[in-house]
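Here is the structure we will look at.
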Amino acid sequence: MARSPTSVMISSLLLLLLIGPASSDDAAAAAAARTSTGGVAGDELALLSFKSSLLHQGGLSLASWNTSGHGQHCTWVGVVCGRRRRRHPHRVVKLLLRSSNLSGIISPSLGNLSFLRELDLSDNYLSGEIPPELSRLSRLQLLELSGNSIQGSIPAAIGACTKLTSLDLSHNQLRGMIPREIGASLKHLSNLYLHTNGLSGEIPSALGNLTSLQYFDLSCNRLSGAIPSSLGQLSSSLLTMNLRQNNLSGMIPNSIWNLSSLRAFSVSENKLGGMIPTNAFKTLHLLEVIDMGTNRFYGKIPASVANASHLTQLQIDGNLFSGIITSGFGRLRNLTTLYLWRNLFQTREQEDWGFISDLTNCSKLQTLDLGENNLGGVLPNSFSNLSTSLSFLALDLNKITGSIPKDIGNLIGLQHLYLCNNNFRGSLPSSLGRLRNLGILVAYENNLSGSIPLAIGNLTELNILLLGTNKFSGWIPYTLSNLTNLLSLGLSTNNLSGPIPSELFNIQTLSIMINVSKNNLEGSIPQEIGHLKNLVEFHAESNRLSGKIPNTLGDCQLLRYLYLQNNLLSGSIPSALGQLKGLETLDLSSNNLSGQIPTSLADITMLHSLNLSFNSFMGEVPTIGAFADASGISIQGNAKLCGGIPDLHLPRCCPLLENRKHFPVLPISVSLVAALAILSSLYLLITWHKRTKKGAPSRTSMKGHPLVSYSQLVKATDGFAPTNLLGSGSFGSVYKGKLNIQDHVAVKVLKLENPKALKSFTAECEALRNMRHRNLVKIVTICSSIDNRGNDFKAIVYDFMPSGSLEDWIHPETNDPADQRHLNLHRRVTILLDVACALDYLHRHGPEPVVHCDVKSSNVLLDSDMVAHVGDFGLARILVDGTSLIQQSTSSMGFRGTIGYAAPEYGVGHIASTHGDIYSYGILVLEIVTGKRPTDSTFRPDLGLRQYVELGLHGRVTDVVDTKLILDSENWLNSTNNSPCRRITECIVSLLRLGLSCSQVLPLSRTPTGDIIDELNAIKQNLSGLFPVCEGASLEF
C-alpha cells in the first residue's frame, strides 16, 4: 500500500530525532538519497539535502531551514510555495537564493522539487557540476546559476526542461561544447546567457531554432569556427546578440543583417573578416549598438549605416577598414560613441573631411576616436561645431597638418583631448581656455610654436598637460599655477626661455612628473620646489639654469628621478639629497659643481644610477651604497677625486697628518665617562618603569586569535636566529618558526622604534580579525608582551608560505641556472586570478570593506600548491560608507603604499579607496607579464612601466613580454599559421590591456574587481588545452 505524505513526514522526523540534532542535515541527505517519494515531505527533504551539501550556508540566510512541521518549509528564506487554494498547496514553486553567500555543490536532490518553476542560485560561491537531475524539473521556467564557480559541461539533459524561458549560466567555469539540445528542445527560451565561461567548439546551428529568443549572449568564451547562418532565423523579437571575445572566424553571414528587431550586436575581439555588405544596415532600423572592434574586417564603411537611425554606439576600431570615412553619419541623431581608431582610413583632399560636417548633426555625440589612422591634411573648422556634449576627442598618431581650429574652445564638454604625434603647426588657440572641464590635454610631438597661451591657466580641472617636443617659445606662463589639480606637466624639447616660475611649485597635486628639460630656461631652481613633497620625477636637464641646487629638494620625499645635467649649476651637492630614500636616478653631470661628494648619498639604498661626471668635485669618493657598484656610477671629468672602490681606478687619498701629542685626550675621556653614567642611570630608570607594568594585561587581542607569549616565540624561532630570518622591512622582520599549534609559521616582529610600526600592527589586526578567504594570508595568533629587556614587544604569527613570494619567482636574485624558478603563463594567470579574488572579497564581500593600500609582488605569497595569498595589511584601511575609517590629514597620513605601485592620487593626499588597490593591481599585472619591476632601472623618467607596455602594444608585443615566457619570440609572433601560438599571443595582449585598464590615471576609469575576474577567467580558459610546444616557438604555459 502506498504511504501517505503524512506518514512519510512522520517517519522522516523520527529518523532525524533518533540520529540527533548534530547530524540532522546528513540524515536529510541520506533520506532524500534513499527515497524518491514526492509530495510536501519530499520537497522538504530535498531542501534539507541541498542545505547539507553546502559548505557555507550563508550565515542567517538558511538559519530558518529546519524540520519544523508539515508545510513549514514554505516560510523558509528563499522558498516560495504554491497558493493554498490551488490543487497542490505547500509544493515548492520557487527557490530564490541569489547573493546568499552560499558555497558548496548543488545537490542533485533539487531535481525532486517537481513543481519548481524558478531556481535562482546566482551570485554565490557554488562549485562542482550542474547536476543532470535538474532535467527532471519539467515545470522549470527560469534557471539562473550565474556568478558562481561551477565547472564541468552543460548537461545535454537540460533539453528536457522544455518550458524554460530563461537560462543563465554565465560567469562560471563551464567547459566543453554548447549542447545542441538547447536549440532543439527549448522552444520557449527567450533569454540565453552562457557568457564568461570556457565553452569551446562551434556554435550549434540548432540554436537557430530558438524562435522566441530575445537576449542571446555567448561572449567571453573559447568558441571557434564560423557564425552559423541559421542564427539569422532567430526570433523576429531578438534584441541583443553578443558573441564578442571568442575565436570565431570567417565572415558575418548575410542572414544576420536581416534581424530587423536587433538592438545590440557585438562580435568584437574575434578573428572575423571580410567586407561588410553595402546594404548591411538596410533593415536594421532599430539597431542601437554595434561593436565589431579588433577583428580583420576591411573595405569601406557601408553607406547604409545611415539607415540605423537609432544607433548610439558604432565601434569598428582595430580593423583594416580603409578609404574615405563615409559621410552618412549626419542622420544618426542619437549617436554618442564613434570608435574608428587603429584602422587605415585616410583623408587626401579637404573634402575627405566632410564626415566631420556630417557629425555636427549628432548633437548627442560624446566620444570620437579617430586615432592611429592615415588621416592627413588640415582639420576643417567644422570640428569646432561638434556637439558640446563631446567629452573625448582623439586625433593622435595621424598625419594631420595645419593649425588647430581656433574655435576648438566651443567644445565646452571636452574632458580628454589627444592631438599628439601629428604635424600640427601654428600656435595653441587661446580658446582652449574655455574648456573648463578638460582633464587631459596631450599635444606632444607636433610642430606647434609661439608662446603657451596664458588662457591655459583657466583649465582648473586639468590633470595631465603634455606639450613636449614642439617649438614653443617665450616664458612658461605663470598662470599654470592656477592648475590646482595638475598631476603631470610635460614641456620638454621646446624653445622656452626665462626662469622656471616659482608659482609652479605651489601646485600641491603635482606628483607624477615635471619635465621642463631641453629648453633655454635660465635662473636658479626655485627654493619652492620643496613644497612638492609627493613629486616622483623632476627633469630640468639641458637648459641654462645656474645658482645652487636648493636644499629644499630634500623635502621631495617621493622623488625617484632627478635630472639636472647639462646646466650651469654651481656650488656643492646639498647633503639634504641624502634624505631622498626612494631616489633611483640622479644625474648632475656637465655642470660647474664643486666641493666634496656628500656621504649622505651613500645612504640612498634605491640609488641605481648616479652621474656626477664633468664637474669640479674633489676629495674622497665613498665606497658604500650606490658607490659600491662601479656600473651604476659615473664620475669621470673630476680630476681632484680620489679613493673609492678599486673598479673606479682613482688615485689613493693622502691621509691627514695626525698630531697625537697635542690631542686633548683627558678632557674628552672624562666627558665620555660622565655621559655614559647619565645614560646608564636613565636606562635603569626606564627599564624599572616598564617592568612595573609587566603584570598589566595587554589590550591588544583579536577575537578567535589567542595571544602567544614572548618566550614561546623565542623558542619557536631559536631566539630569532638569523638563519630563520625570511625578510625585513621598515615596520618589522619576519622569521620562520615552529609552534606547537602549527607545523611551521611565519613570525613578524614589529620594529617599534619606528613610530609607524605600531599603527601598522593595529591596522593589520583590525583589518584581518574577521576576514576569512582562501586567498588571504591567515593570522594564526598574535603576541603583545614585553621582551627580556623590558621593552614593548609585538608580533603577528601567520601561516607559513613555503613557496615564498611572487617577487621571488618573478625576480629571482640568483643567476645560477640550476636554481632558477619558472612560472609559466597559465600559472601566472592563475596567481593573478587568486589576487583579484582576494581583492574582490576585501572590497565587496567581507564583513566590512577593506582597502589593502600596498598591493605588490612581495606581498603576494605562495603556498605549497602555488595558490596565491595576499598578505601584509600594515597599511590597510577599513571603509565605512566608502570612506576610510581612519581619517587623517594629508600631512599626517603621508604616502600610502610602495613607490611604483601606489596610485597617483595617493601622492596628493587622497583618502584610501578601492580604486587605489586596483591601480596597484594593474601595475602587478604588467609586472608579471613583462618580468620588469615598476622601478626597473632601465626605465626613463618619461618611459615608465605603463608607457613601456603601451609602446609594445603599438609595436611588437614580444619586445615587452618576459623572456622566460618566450624562447623564440620572433617565430612566435610571426607564426601566422599556428592557432595555439595565436591564442597565446591574444592572451598576453589581453593581460597587458587589462593591466593598463586597471592602472589608468583617473580612478573612476579603472576596471572593477568583478570585471577583472571575468576577464581573467576568460583568459585562463583560452589557455587551457594548448600544446606545450608550438611550431616555430617554444613556450611555457
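Glycine is treated like the rest: Cβ placed from N, Cα and C.
Note that the structure is a prediction, hence the values are computed from the model and not measured.
The N-linked glycosylation site annotation in Swiss-Prot covers ASN112, ASN209, ASN247, ASN307, ASN334, ASN361, ASN385, ASN447, ASN482, ASN515, ASN592, ASN611 (among others). Positions annotated as repeat 'LRR 8' by Swiss-Prot: 260-283. Sequence annotations record features per position, and here Swiss-Prot assigns repeat 'LRR 10' to 310-331. Under the heading repeat 'LRR 15', Swiss-Prot lists 437-459, citing sequence analysis as support. As annotated by Swiss-Prot, repeat 'LRR 17' applies to 483-507, with the evidence given as sequence analysis.
Structural mapping of features recorded in Swiss-Prot.
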{"residue": "ASN209", "record": "N-linked glycosylation site", "Cβ contacts under 8 Å, 6 or more apart": "GLY183, ALA184, LYS187, SER230, GLN233"}
{"residue": "ASN247", "record": "N-linked glycosylation site", "Cβ contacts under 8 Å, 6 or more apart": "ARG222, LEU223, SER224, ASN270, LYS271, ARG983, ASN1022"}
{"residue": "ASN334", "record": "N-linked glycosylation site", "Cβ contacts under 8 Å, 6 or more apart": "GLU288, SER309, HIS310, LEU311, THR312, LYS364"}
{"residue": "ASN361", "record": "N-linked glycosylation site", "Cβ contacts under 8 Å, 6 or more apart": "PHE329, GLY330, ARG331, ARG333"}
{"residue": "ASN385", "record": "N-linked glycosylation site", "Cβ contacts under 8 Å, 6 or more apart": "SER357, THR360, ASN410"}
{"residue": "ASN447", "record": "N-linked glycosylation site", "Cβ contacts under 8 Å, 6 or more apart": "ASN423, PHE424, ARG425, ASN470, LYS471"}
{"residue": "ASN482", "record": "N-linked glycosylation site", "Cβ contacts under 8 Å, 6 or more apart": "GLY457, ASN458, THR460"}
{"residue": "ASN592", "record": "N-linked glycosylation site", "Cβ contacts under 8 Å, 6 or more apart": "LEU568, LEU569, SER570, ASN615, SER616"}
{"residue": "ASN611", "record": "N-linked glycosylation site", "Cβ contacts under 8 Å, 6 or more apart": "GLN565, LEU586, ASP587, LEU588, SER589, ILE633, SER634"}
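Under 8 Å from some Cβ of the repeat 'LRR 15' (437-459) lie the Cβ atoms of residues 391, 396, 404, 412-431, 465-483, 485, 490-491, 496, 1001-1002, all in the same chain and six or more residues away from its ends. For ASN112 (N-linked glycosylation site), the count of additional Cβ atoms within 10 Å of its Cβ stands at 24 [all protein chains shown].
The DSSP breakdown of the repeat 'LRR 17' (483-507) into helical (H, G, I), extended (E, B) and coil residues amounts to 5 helix, 7 strand, 13 coil. Between ASN307 (N-linked glycosylation site) and ASN515 (N-linked glycosylation site), the C-alpha separation comes to 49 Å.
In terms of DSSP secondary structure, the repeat 'LRR 10' (310-331) contains 3 helix, 7 strand, 12 coil.
With all protein chains in the displayed structure included, the most crowded Cβ environment within 10 Å among the glycosylation sites ASN307, ASN515 is that of ASN515. The repeat 'LRR 8' (260-283) scores a mean pLDDT of 94 in the predicted structure.
In the three-state DSSP assignment, the secondary structure recorded for ASN447 (N-linked glycosylation site) is strand.
Look at the repeat 'LRR 8' (260-283): DSSP puts its residues at 0 helix, 8 strand, 16 coil. When the alpha carbons of ASN112 (N-linked glycosylation site) and ASN515 (N-linked glycosylation site) are compared, the span between them is 70 angstrom. In this structure, ASN611 (N-linked glycosylation site) is part of a beta strand by DSSP. According to DSSP, ASN334 (N-linked glycosylation site) sits in a coil region rather than a helix or strand. In the three-state DSSP scheme, ASN361 (N-linked glycosylation site) is classed as coil.
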